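Visitor: OK, TrEMBL features for this one:
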- 12-30: transmembrane segment (TRANSMEM)
- 36-57: transmembrane segment (TRANSMEM)
- 98-121: transmembrane segment (TRANSMEM)
- 127-144: transmembrane segment (TRANSMEM)
- 180-200: transmembrane segment (TRANSMEM)
- 212-230: transmembrane segment (TRANSMEM)
- 242-261: transmembrane segment (TRANSMEM)
- 273-298: transmembrane segment (TRANSMEM)
- 310-330: transmembrane segment (TRANSMEM)
- 350-368: transmembrane segment (TRANSMEM)
Amino acid sequence: MWENTYYSNMFLTFRGIVSLLLQIVLTTFLQSVSWLAIAILSPSGISIVTLSLCLLLSNLGASIAEVANDAIVAEIGKQPAVPPKKSHSYSSGELQSFVWIASSAGGVLGNLLGGIAINIYGPQAMFLLFSLTVALQLFIIITVRESSLNLPKSSSRVGLRKQLSELSVALQKPEIACSITWLAASNAIVPALTGTMFFYQTQHLNINSSVLGISKVFGQAAMLLWSVIYNRFLKSVPSKKLIAAIQGVMAVFMLSDVLFVNGVYRSMGVPDLLYVVLFSGLLEVLFFFKLLPFNILMAQLCPSGCEGSLMAFVASATALSFIVSGYLGVALSSFVGVTGSDFSGFPRALLIQAVCTVLPVYWSSWIPDDKTSSKNRKNE
């Protein structure tokens with residue numbers, strides 16, 4: 001999602017013209033065709049341009065489908081809960097948590113099976129298998145009637161101008177505008193050093209790529225566990241405190257990376273492989289931990305009628321912030337002198353990254369408390 005902000009922005013336009021499920025059908029078709037083309041073309045004959053085009057179409061489909069799914073969740077979550085004594089915010093929170101649990105479980109299973117299968121069948125067969133899997137998903141989606149989702153009738157029939165007007169009204173609310181600004185800024189000002197760390201682990205430490213695959217499985221498992229813990233124990237915690245706490249934990253993990261690169265853990269007897277699997281895998285998904293309480297907060301604050309458009313805007317702002325973060329990471333790596341054979345400046349870059357990560361905690365007051373948000377909604 002990091003590099004696909006403009007694809008997500010397209011959803012704001014498509015949403016007023018094409019129904020939600022039809023969008024998912026079209027984007028799933030794009031993914032299936034893209035991966036099938038990579039599978040059937042010869043590895044020696046496929047050009048970089050063709051490969052880039054296939055990946056572009058696949059990412060286009062995946063990102064728009066993701067935003068469409070978020071819109072469906074947001075709109076269904078705003079429907080009156082059963083029994084009626086429960087508030088809509090509780091219903092929306094339950095649905096968001098359930099979607100995160102299902103998505104994380106799928107991530108764990110997908111990464112695990114993919115890592116095993118690619119060692120047995122090879123990359124070309126995996127591209128073909130993935131294309132067939134997406135084609136099966138496309139067939140299942142076609143059999144679903146949009147009316148069965150009980151979406152608001154106006155969600156796909158109102159004009160684009162009206163949707164943009166409703167979105168503009170929502171963004172004029174200080175609690176919504178400030179919250180989205182904080183989320184985007186908290187990502188954008190943190191230089192992303194994921195690529196540099198990957199190169200350090202694989203080229204400098206000679207860690208096998210299969211270990212990094214296990215690390216991703218562990219990260220997805222942590223996402224699943226986080227979803228369950230949040231749903232059962234942390235939903236009563238104010239979103240502002242929870243999001244700020246997650247931001248602080250991210251900074252602590254980055255400081256831990258400084259010790260890792262300096263060889264402190266190695267001197268203590270902790271193998272590099274163990275650290276990569278546990279800590280690197282967890283740090284990679286910590287960036288997304290704060291999205292669950294944030295999305296639930298947005299569902300509570302969002303005025304009725306523009307849930308899908310607002311969630312699409314949040315996804316676009318988040319993706320754009322990650323793009324800025326990536327460019328800052330490249331600039332920081334160059335500034336401290338990190339090269340393919342010299343990582344002496346890498347600890348300094350990680351330290352700067354940790355400092356930048358903790359800065360947003362000081363303006364977390366921009367995020368409203370859940371109780372304050374509920375009172376504002378009642379007053380309306």
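Backbone N, Cα and C atoms are what each Cβ position is placed from, and that goes for glycine too.
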Visitor: Before we move on, state whether the transmembrane segment (180-200) and the transmembrane segment (98-121) share at least 3 Cβ pairs under 8 Å, counting only pairs 6 or more apart in sequence.
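Guide: Contact between the transmembrane segment (98-121) and the transmembrane segment (180-200): absent, because fewer than 3 Cβ pairs are under 8 Å.
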Visitor: Report, as numbers and ranges, which residues of the same chain sit near the transmembrane segment (242-261): CB under 8 Å and 6 or more residues beyond its ends.
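Guide: For the transmembrane segment (242-261), the nonlocal Cβ contacts are 186, 197, 200, 234, 272, 275, 279-280, 282-283, 286-287, 289-290, 293-294, 343, 346-347, 350-351, 353-355, 357-358, 360-361, 364, 367.
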